[in-house]
Amino acid sequence: MVNLGNAVRSLLMHLIGLLVWQFDISISPVAAIVTDTFNSSDGGRLFQFPDGVQNWPALSIVVIIIMTIGGNILVIMAVSMEKKLHNATNYFLMSLAIADMLVGLLVMPLSLLAILYDYVWPLPRYLCPVWISLDVLFSTASIMHLCAISLDRYVAIRNPIEHSRFNSRTKAIMKIAIVWAISIGVSVPIPVIGLRDESKVFVNNTTCVLNDPNFVLIGSFVAFFIPLTIMVITYFLTIYVLRRQTLMLLRGHTEEELANMSLNFLNCCCKKNGGEEENAPNPNPDQKPRRKKKEKRPRGTMQAINNEKKASKVLGIVFFVFLIMWCPFFITNILSVLCGKACNQKLMEKLLNVFVWIGYVCSGINPLVYTLFNKIYRRAFSKYLRCDYKPDKKPPVRQIPRVAATALSGRELNVNIYRHTNERVARKANDPEPGIEMQVENLELPVNPSNVVSERISSV
């Protein structure tokens, strides 16, 4: 049996040796150092690099580990430093990235070490249940985070007013703490069981794997299948609510446009028949200001719904990837327990060894999903890879003082409005009317033209 210090050094030397050996660098000095260092203390159990043979799967695993750790560190940095990402959903995604990063730091390297030793556990035996517990903890935390995100978004869309009361940063942290508490509660029994009875965590007294059928069944349903069912149901309910809100908004907006057209028609008729428009009787004096408020509301509401749809699309891809990556492992794990000796146990073990690594790969895919489908994450990752860690500064806002009512010609009105806004003007420059009254109040103009211009025009 090796001690913990030698085991850690052995793992590091194996990783270095793999990289050097894989790229055909002269490895005889490295092999000699590794052999001389560990053969004396490791009882001759050091994994030997065969001459002329390259272990491409092992190198691929090393690359996956590096990408998993690096990608999730970028996600954590983006949510921490970008103010645009400071919301409940992204706090959950940052906590999920922490779990995935810990998978790359603590779980994957030990699993690679087990592969290099041909699934014979090379570390102290008491570390086996600890490693299994960490594996279950982070896997459970991943599915619980996705389940919590799905529930939180559904409640936010279904009852936005009620949800806004509980959507502060503190409340989001409390929800994340509950997710981690549930995950810890699922994984804590493993080291307790394993330290009392090593047969529960060792197969053939050599391979470190969870060997308690009851815990495998209960843990699989509690940690995977039940949260997965909740996540899928709430996700489809969210899509349904968004579609219904879109249809209701479009129908309401269409009716409003018809009402506006009717009102404009009445005003034009009154102007032709009665001369001045301001002297024409308005059938509903309150219609005009109310119409102005309604014209702005559908645009903002539709934009909010479109943003929710985009976010739901990204999260849906994350959910789908997680489902595809982890379902094979958990289904095979349950089948191996239910069928017992009727199944080919060697085949089941090989399938589980492959499927568990497919699940590990999921921890490194999420940052790629964010990069492909979210511009804010993509820009943040690009900045950090260039070693630019300065947060984006908000553009300054210029305050335009209140302008008194002034008689302007049509051409002057066009010039002044086009100078301060990109919106089209109702009257053309060659309007035959000599002048019109205009008053601008509370006009805010950001330097960045992409921002929304807020202005109020009356007495036109």
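Keep in mind that glycine also has a Cβ here, set from the backbone N, Cα and C atoms.
Among C128, C270, C327, C339, the cysteine that Swiss-Prot records as disulfide-bonded to C208 is C128. Swiss-Prot assigns W56 and A156 to topological domains bearing different names, which places them on different sides of the membrane.
Between C339 and the candidates C327, C343, Swiss-Prot records the disulphide pairing with C343. Each residue contributes its Cα atom, and for C208 (disulfide bond) and C339 (disulfide bond) those atoms are 21 Å apart.
Residues 114, 119-121, 125-126, 128-133, 136, 337, 352 of the same chain lie 6+ residues outside the topological domain 'Extracellular' (191-214) yet bring a C-beta within less than 8 angstroms of a C-beta in it. Spatially close to L210 (ergotamine binding site) yet at least six residues away along the chain are I132, V136, I190, K200, V201, V216, judged by Cβ distances under 8 angstroms.
In this structure, C208 (disulfide bond) is part of a beta strand by DSSP. Comparing 57-81, 88-112, 169-190 for CB pairs under 8 angstroms to the transmembrane segment (130-152), the maximum falls on 88-112. Using DSSP to sort the residues of the topological domain 'Extracellular' (113-129) gives these counts of helix, strand and coil: 7 helix, 0 strand, 10 coil. Of the candidate ranges 57-81, 88-112, 215-237, 314-338, 88-112 has the most C-beta pairs within less than 8 angstroms of the transmembrane segment (169-190).
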